[in-house]
Amino acid sequence: LLLRWRRRRALWRKVAEAQERQELSLVRMERAAHRFREQHPSVNVASIISLPLPELSKKLRDGSLPPDHVFYAYVGRALQLATETNCITEFLQESENQVRKAKLMERQGLLYGVPVSIKDSIDCQGHDSTLGFIKNLNKPAAEDSVVVQVLKRQGAIPFVKTNVPQSLISYDCKNLLFGQTRNPLLYTRTPGGSSGGEGALVGGGGSILGIGTDVGGSLRFPAAFCGICAIKPTGRRLSKRGIMAGVVGQKAVAAAVGPLAKDVESLALCLRALLSEDMFSLDSTVPPLPFNEEVYSSTKPLRIGYYETDFFTMPSPAMRRAVRETKQLLEEAGHTLVPFELTNVDNVIFNYCVRGMFADGGHSFVKKFEGELERGGMGLFFWLAQAPHWLKTLLSWISKPFVPRLSSIIRSMKENTVDEVWSLHHEIEDFCHQFIAQWKELNLDVMLCPMLGPALGIGYPGKLSVAVSYTMLYNALDFPAGVVPVTLVSDEDEEQLKGYKGYYQDWWDRTLAKAFRGSVGMPVAVQCVALPWQEELCLRFMKEVETL
């Protein structure tokens with residue numbers, strides 16, 4: 001007991017040190033911003049921050065805006081957001097040296113002088129990638145991840161790292177080291193996750209461009225909840241070298257790295273910069289596919305599939321209205337909208353995603369929490385991972401008539417043999433080919449889909465892991481998917497929510513109804529989806545939705 005007590009004290013000391021470093025980062029940001037204001041009192045910070053990224057980058061490249069003016073304008077605004085929402089974990093001090101060098105260098109690169117925020121799990125040389133784990137503290141990355149290297153070669157200046165939920169396997173944004181991140185639009189709401197710090201910072205205007213990752217909606221939840229845009233590319237379109245994963249080695253559900261920004265044109269500019277010769281030479285596993293300008297700038301009418309529900313997670317009234325209104329606007333603009341029928345989403349979520357990600361019964365994931373002081377509200381998961389197979393089988397059988405979704409979760413948490421894992425991967429491949437065949441039978445270009453929203457109250461995502469169905473489907477399929485905010489929750493939506501029952505009418509459905517409540521004025525997005533490797537077409541569709 002004494003040894004355990006001493007060990008826990010040592011861990012709490014580490015937590016306190018991490019929090020002190022976070023505080024020190026904010027103090028350094030404050031000093032840097034204050035020093036710049038004193039030296040350049042006439043700089044109009046508000047006018048700099050109001051510029052969209054394409055216009056800002058043009059002014060930086062043509063010399064009409066000095067990089068230090070832009071950098072310190074965003075340092076000041078990011079500091080304000082960090083104070084309000086707790087979204088920043090670390091200020092990258094070397095960024096100040098980069099700004100000084102940028103002023104002396106030739107103005108090269110599509111992102112010359114652009115300050116960029118980076119998710120905690122993406123390696124930046126000399127800084128921790130913690131994933132909210134104490135064990136990852138004081139283990140600075142030996143080198144930048146490939147994505148960060150390419151950003152720097154394109155002239156960008158990574159300046160802060162942002163908060164994540166412990167382990168990344170959550171769409172809230174809280175961990176013991178750095179605490180809870182809040183939504184900049186309403187502090188009682190979650191910013192989403194796992195790229196929640198990015199969502200809050202970009203959504204609040206403290207960063208003009210953020211880089212995050214997505215394994216079940218981790219880019220799309222924060223973007224939708226904070227009223228901004230994001231795209232999850234095909235898993236291997238951008239390099240994942242030097243990026244920490246929540247579940248290492250699993251191949252069932254494709255993870256991806258991608259950008260978040262206020263508008264679609266900014267996402268396109270970021271992908272143009274990243275899909276360069278630098279990316280392909282630094283990581284030869286990335287297909288050498290440069291950004292296809294012709295596809296992105298095309299104006300030909302699109303044939304668009306759509307659905308209002310996946311018949312697994314009942315959409316909120318605002319979600320349904322967002323799809324209907326977007327569909328109508330697209331039709332009025334001359335595009336063809338075709339109903340698309342989704343089936344067996346429950347099988348995708350439980351059999352492919354949960355079972356696929358935790359094919360060893362969750363043992364390797366649970367192992368990550370050994371020696372930690374907190375388990376991120378995943379009590380049921382830990383219990384299931386540690387329960388014997390016979391007990392899980394019995395509980396699954398007993399609960400099936402009363403709580404079918406709980407039964408499916410218990411069943412999907414079994415330990416699989418190698419043969420079963422191979423069969424599962426084969427099933428996922430078959431499902432993907434069937435989905436594409438259905439897509440091609442309808443001769444579709446892209447798909448319009450619901451996106452979970454509005455933002456849930458803080459703490460609710462941990463109780464509502466089943467509500468990831470709208471996003472996780474496209475990780476299982478490995479299709480590019482982006483989100484665009486299209487409307488705000490109305491009083492009428494709020495009134496209609498009183499009749500929300502859900503498809504299963506279980507505890508999860510009742511909890512989701514509560515989580516949606518009190519959201520008048522909060523943003524609601526739609527998802528825009530394309531076939532694998534067609535990010536440019538996905539962005540073109542997103543741009544169309546945004547414009548309309």
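Note that Cβ sites are derived from N, Cα and C of the backbone, with glycine treated the same way.
No curator has checked TrEMBL annotations; they are predicted automatically.
The following features are taken from TrEMBL:
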DOMAIN    73-539  domain 'Amidase'
ACT_SITE  Lys119  active site, charge relay system
BINDING   Leu168, Ser194, Val215, Gly216, Gly217, Ser218  substrate binding site
ACT_SITE  Ser194  active site, charge relay system
ACT_SITE  Ser218  active site, acyl-ester intermediate
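In sequence order, Ile169, Ser170, Tyr171, Gly193, Ser195, Thr213, Asp214, Leu219, Phe221, Gly246, Ala255 are the residues of the same chain, not among Leu168, Ser194, Val215, Gly216, Gly217, Ser218, whose CB sits within 8 A of the CB centroid for the substrate site. Cα of Gly216 (substrate binding site) to Cα of Lys119 (active site, charge relay system): a distance of 16 Å. Looking at Gly216, Gly217, the binding-site residues in this record, the fewest other C-beta atoms within 10 angstroms of the C-beta turn up around Gly216. Separating the Cα atoms of Ser218 (substrate binding site) and Lys119 (active site, charge relay system) is a whole-number distance of 11 Å. Looking at the domain 'Amidase' (73-539) alone, the prediction's average pLDDT is 96.
Put simply, Lys119 (active site, charge relay system) is 15 Å from Gly217 (substrate binding site) when counted between their Cα atoms. Around the Cβ of Lys119 (active site, charge relay system), 28 further Cβ atoms fall within 10 Å across all displayed protein chains. Spacing of Lys119 (active site, charge relay system) relative to Leu168 (substrate binding site) is 11 Å (Cα to Cα, whole number).
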